[in-house]
Structure formats: C-alpha cells, structure tokens
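Have a look at the structure below, then the notes.
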Amino acid sequence: MEGFNHSGVSEFVLLGLTDSPELQIFFFVMFPVFYLLTMSGNCLILLTVLCTPHLHSPMYFLLSNLSLIDMCLSSFATPKMIMDFFAEHKTISFEGCISQIFFLHLFTGTEIVLLISMSFDRYIAICKPLHYSTIMSQRVCVGLVVTSWTVGFLHTLSQLAFTLYLPFCGPNVVDSFFCDLPLVIQLACIDIYVLGIFMISTSGVIALVSFLLLLTSYVIVLVTIKDHSSTGSSKVFSTCTAHFLVVLMFFGPCIFIYVWPFTNFLVDKVLSVFYTIFTPFLNPLIYTLRNQEMKTAVKKKLSNQYLNLGKTSPRYPAQ
C-alpha cells in the first residue's frame, strides 16, 4: 500500500457520530446490542438453511447469501466505532481507511445485485409459477450469487482505481465514524472535484437505477396478484411492503449520500448508520423470520440444540 500512497499522511482522524458524552454512552450501550443481534440472527439463518434439507431451494439459497453479506456489512466498521466511543484519539491508519472503503463498496455493491436477484426470484415464483423450477435452477442461482460478488468486486475496484494514487499531505480529519470515498478524497492535496464527483456519483446512479428496478418488480408482482384471492393478495402485499421498507432503508441513504457526494450534512452520518447497522439487523426479521417455514425450521433447530445440550450436560445421581 505504501507504493501507492505518495503522501505524508499515515493515518486519519475519525470524528465519530457525536461529541456529546451522553449520546456516546447511549450509543455505546445500544450499538453492541444491535451488532450482537445482527450477527446471531444472520448466523442462525445461515446455519438453519445449510442444515435443513427442505430449505435447499432458490429463495432460501439467496436469503442465506443475504445473511452472509449482512454479517460482513455490519462488521467492516461497527466494532471499531464501538471501541472508539471512549478512545481519546480516534484514528485509523491509511491502509485501514482504504480497507474500509474497499469492503464498504464490495459489500454494498454485492447486496444491491443480490437484492435484485431476490426480486427476480419472487417475480418468477409469483408471475410464472409453472416455469419456476426450470428458470430458477441451481446453476442459475449460483450464477446470480457469483455475479453479485463479481459486480461488487469490480465496483469497489473502480472506486479505488484512482484513490490509491492521490497524494494526501494536509488535513486528515474524516467527519464520520468510518472512512468513505466522498469524505476521504476531499482531503487530497490536488483538485479532483470534477473527476471525484464523476466517480462517486456513479455509485449514486447505480443505487438509484437498482432501486427503480426493484420498485418496478414489486409493482409488477402486486399487479399480478390483484385478481387472486383476497387472503393471498393481502399476504403478498404485506410481504412486499415489508421488503420495500427495508430496500428503501438500504437504498435511500446510498442514493442521498452518493448522488450529492461533496456536501457535508449532519444527516449523512445518520443515514450511514441505517445501511451499515440497522439494515443488516432488520433483514433477518423482514426477509426471513416473517416466513412461517423459516420460523418453524429455526424453532426446530433451536429445540434440537437445547436437547443436545441437555444430553451432554453432566448428570448427578440422586442422593
């Protein structure tokens, strides 16, 4: 990394979410709870899908990959943010800062494509049910996941292609709790406004186009089921509404932050919390645990684990 960074800046200072001691205590208590629930919930879903044969279907295969990505997205910055709440010097090395940018765009880019794949899966299941097993074959599902990670990887490389060669020799203060591209490249010693706004705005445009594609797919699904039974229509409408709210929480901040990249709003920090902490926490609740089949499988797995612990626990003879 040193071969790229031709500058005198070896570390960056993170200002964090707030300077208020009271809010820092509140966040220090709240965010670890969200993080632990996110990791345990997504891990439980991932293990349940892997260990339950009748859940080896396209929908649950994609959902398990979403859980994996959410675990990664929740972990690239949250643990450091929690540790930094009471740190006297909130610093991060140049290499660590670039790593955060890399993983942020890798995981968000991958999740965007995966969410589109999941909406395509639901569209086929509802609009073309007779052709579902043919279209959503195992090969297609694996291809969708591989494509998601490939697009995410290529996207993050495109974002970092010129960043690594920028000289940083002056201010090194990042007004956030993690390093993000719009905040970091503003600290470069050269004028990169035109190139920077073009590179970063592409992320906002990608997020906006993807959001519109997802919105279109939900509308098509709702139009398709409007003539079905009221019970079925109500259930699908409820599911689509819940999914759309999570999609909005994920895409809304991305669109707002990256379409206008060089504007420093306090709301940017709040929006960053949504797609790095709250969305990974909500995805298991909305996408998976509202599903009756998944809830039954999770309860069965937990009960089996409880029984296994009971069998392996030490037994004491009666006195």
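Any Cβ shown, glycine's included, is placed from N, Cα and C.
Pulled from TrEMBL:
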| type | residues | note |
| --- | --- | --- |
| DOMAIN | 41-287 | domain 'G-protein coupled receptors family 1 profile' |
| TRANSMEM | 25-47 | transmembrane segment |
| TRANSMEM | 59-78 | transmembrane segment |
| TRANSMEM | 98-120 | transmembrane segment |
| TRANSMEM | 141-166 | transmembrane segment |
| TRANSMEM | 192-225 | transmembrane segment |
| TRANSMEM | 237-260 | transmembrane segment |
| TRANSMEM | 272-289 | transmembrane segment |
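Sequence-distant contacts of the transmembrane segment (98-120), counting only residues of its own chain at least 6 positions beyond either end whose CB sits under 8 Å from a CB of the stretch, comprise 1, 59, 62-63, 65-66, 69-70, 72-73, 76-77, 92, 144-145, 147-149, 151-153, 155-156, 159-160, 163-164, 178-181, 184, 203, 206-207, 210, 213-214, 217-218, 247, 250-251, 254, 275-276, 287.
Among residues of the same chain six or more beyond the transmembrane segment (272-289), those with a C-beta under 8 A of the stretch's C-beta atoms are 17, 31, 34-35, 37-38, 41-42, 44-45, 63, 66-67, 70-71, 73-74, 76-78, 104, 108, 118, 176-178, 180, 242-243, 245-246, 249-250, 252-254, 257, 295, 298. Residues 17-18, 63-64, 67-68, 70-71, 74-75, 78-79, 81-82, 85-86, 277-278, 280-281, 283-285, 288-289, 294, 298, 301-302 of the same chain, all 6+ positions outside the transmembrane segment (25-47), place their C-beta atoms under 8 angstroms from a C-beta of that stretch. Residues of the same chain lying 6 or more positions beyond the ends of the transmembrane segment (59-78) and with a Cβ under 8 Å from any Cβ of it are 31, 35, 38-39, 42-43, 45-46, 49-50, 100, 103-104, 107-108, 110-111, 114-115, 117-118, 121-122, 125, 141, 144-145, 148, 177-178, 275-277, 279-281, 283-284, 287-288, 294.
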